[in-house]
């Protein structure tokens, strides 16, 4: 009875150990998958931040290029205006005496030239105002994009902090489980040692009892029968024991094959009956 109980306990322990090992593997796989997902999310966040920085730099370069182009165009137009004014004044001073008769014509031409200059200046002012409005619009769009991207970066940072907290909780659970497993293994080792000691003591006592019984039976038989009859009886008993051992070995092989296909309760009842 003690042996069968020990076998069942060993099977239960093995099943429990196998279950704990499978749980450990699943926990390790879950931790590995979480770490992998966190690294992927971090890489994606870094990639997005780098793309946002590249876009920001490109927009800044575009704005600076537009401002430089506008300033260059304004300077060129001012230089053209100055050149035209200086040329007109030079022509007027050179031909004042020679063209006194055609003063009215020159005045008309000067009025036309001034009108053209005013149109050019008006056009320049209009272009400058339009360019300034475009720059302000681009700056507003850029500010809106940067605000949206900053919000996305903050959201990604919050998610990263959340993942870090979850990983810390899982690591704490793994540490608690390791401590529990070490304590359980120590208690199982102590119980197994005590069980081995009990089984060794039981076997030793049974062997001692069998030896005492054999000595007592031999003593009684020697008192009842003479030595010759005792030898004959011993030979007969040895023959019967050998025949019984052969029959038992055959029956045990048959019972083992039947017990493998049958239930454990039947094998237990058969072993107890024997």
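Backbone N, Cα and C atoms are what each Cβ position is placed from, and that goes for glycine too.
On a predicted model such as this, the values are computed, not experimentally measured, just so you know.
What TrEMBL says about this one:
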type     : residues : note
COILED   : 89-116   : coiled coil
COILED   : 153-180  : coiled coil
COMPBIAS : 239-249  : compositional bias 'Basic residues'
COMPBIAS : 250-274  : compositional bias 'Low complexity'
REGION   : 1-21     : region 'Disordered'
REGION   : 230-274  : region 'Disordered'
The compositional bias 'Basic residues' (239-249): DSSP-derived helix, strand, coil residue counts: 11 helix, 0 strand, 0 coil
Average model confidence [pLDDT] within the coiled coil (89-116): 73
